[in-house]
Amino acid sequence: MAHFGDMQNAIYNAGLNGILPDFPVDFATLRERAQSALSPSLLNYVQGGCGDEHTQDRNAQAFRNWGMVPRMLVDCSERDLSIELFGLRLPSPIFMAPIGLNGEMTQDRRGDIAAAQAAAETGVPFCASTLSNSPLEQVRAAAGETPSFFQLYTPKNRDLAQSLISRAEQSGYRALVITLDTWLTGWRPRDLNTASFPQLRGKVLENYFSDPVFWSLLDAPPEDDLMGAVRMWTSVFGQVLTWEDIAWFREATSMPIVLKGICHGDDARKASDLGVDAIYCSNHGGRQANGGIAAIDMLPDVVAGAGSTPVLFDSGIRSGTDVVKAIALGATAVGIGRPYTYGLAIGGARGAAHVLSSILAEADLLMAVNGYPDLDAVRAAGAHYRADIA
Ligand SMILES: Cc1cc2nc3c(=O)[nH]c(=O)nc-3n(C[C@H](O)[C@H](O)[C@H](O)COP(=O)(O)O)c2cc1C
Ligand SMILES: O=C(O)C(=O)c1ccccc1
């Protein structure tokens, strides 16, 4: 049986012939490489977060407070990292979190397509953002056999919302991820100090510019009046949602519904009572609200509140070890964010695929040495909190 961890042998064996890996296998080196690949304004936007970035930093650091205890004399020669989600059997518990700037990460500005190609290559689902340089139909097609999810920023115009949802459903997306925490933008000093916000320069708005309902709101096509189209985007972008709106989404689609941005146990309970298909615990990578608790530290309460509803998690995942810890704390699936987008920046689809494969290899090898043959064993073992180990 092939394992994700076989990547390790492949790297060492290639080294015997003097061949080094094209891309780094750890986050620190990856981030450094991405820093030199991106323009200062893109780097600010992607790397930066809200306020003094305390929440963003804690998201990653807080994993150090959680530890796992190895078990011996368990046969882990075969490992199974597969999960079931939305009625799909997926080879691993990770997916690519929606990143609205993927399109700008590659020189050809087709980074969304490159992310979808990385999904096709690795079997790791891509959650495509509403913000994209390529229309969602083309992004879906590039993912091939690997299932894709569509993330919705709900526009104020309900016809436009319905149009985006219907397009996603018709082109074969397998879940609708509704982002709750970004109906406006948090206070982001790096972008503010440089007065730079890519969307206002007409970037990553192709899903709107390819939409018939959006077109019907415009006086002139986007190619004739880009700034007019951007102004329209600004005015329709962020609908304030409340619990009463969830029923509308149920009517709008037969795709499974996921609520992204849930961090409180009571909100998870409410979402679960409303019958959503999954709860997505995330603080948007610390880009929206500063002064919060690290997302991983909120996961146990969300899992408790969610009951039998699956919980997706992201914010601060930097390695395979972090993935296994999030599973141990009750996540069903784990979103990779900045690491894969840095992979796109340094190597397009191949770079992103390498990052995902490295994360999976580390997770697989960790499970092997810790005596956890599958994710049920990981969950049964749990992760333990120690305030003093960070
Ligand atoms: C540059 C950038 C753009 C993002 N765009 C979106 C988006 O369009 N929709 C969304 O729901 N989340 C978006 N996110 C949040 C991610 O889905 C995810 O929650 C976050 O990246 C997790 O934090 P981490 O990357 O630090 O692990 C974005 C994050 C970054 C870094
Ligand atoms: O940058 C982001 O995190 C993001 O998702 C976003 C998207 C649109 C408007 C503001 C923020």
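Note that Cβ sites are derived from N, Cα and C of the backbone, with glycine treated the same way.
Positions annotated as active site, proton acceptor by TrEMBL: His284. For His284 (active site, proton acceptor), the same-chain residues 6+ apart in sequence whose C-beta sits under 8 angstroms from its C-beta are Thr179, Asp181, Thr182, Gly186, Gly261, Ser315.
Taken from TrEMBL, the feature glyoxylate binding site applies to Tyr45, Tyr153, Arg188, Lys260, His284, Arg287. Secondary structure from DSSP puts Arg287 (glyoxylate binding site) in coil.
In the three-state DSSP reading, Ser315 (FMN binding site) counts as coil. The local packing around Ser315 (FMN binding site), expressed as other Cβ atoms within 10 Å of its Cβ over all shown chains, amounts to 29. Sequence annotations record features per position, and here TrEMBL assigns FMN binding site to Pro98, Ile99, Gly100, Ser129, Gln151, Thr179, Ser282, Asp314, Ser315, Gly316, Ile317, Arg318, Gly337, Arg338.
Per TrEMBL, the feature domain 'FMN hydroxy acid dehydrogenase' maps to 19-388.
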Per-residue Cβ crowding (10 Å cut-off), top of binding-site residues Gln151, Ser282: Ser282
Intrachain C-beta neighbours of Lys260 (glyoxylate binding site), sequence separation six or more, cut-off 8 angstroms: Pro98, Gln151, Val177, Ile178, Thr179, Leu180, Asp181, Tyr280, Ser282, Leu312
C-alpha spacing of Gly100 (FMN binding site) relative to Arg188 (glyoxylate binding site), in angstrom: 16
Rounded inter-Cα distance in Å - Arg287 (glyoxylate binding site), Gly337 (FMN binding site): 12
DSSP state at Tyr153 (glyoxylate binding site), helix/strand/coil: coil
Other CB atoms within 10 A, centred on Ile317 (FMN binding site): 29
Listed binding-site residues with Cβ under 6 Å from ligand 2, out of Tyr45, Gly100, Lys260, Arg287, Ile317, Gly337: Gly100, Arg287
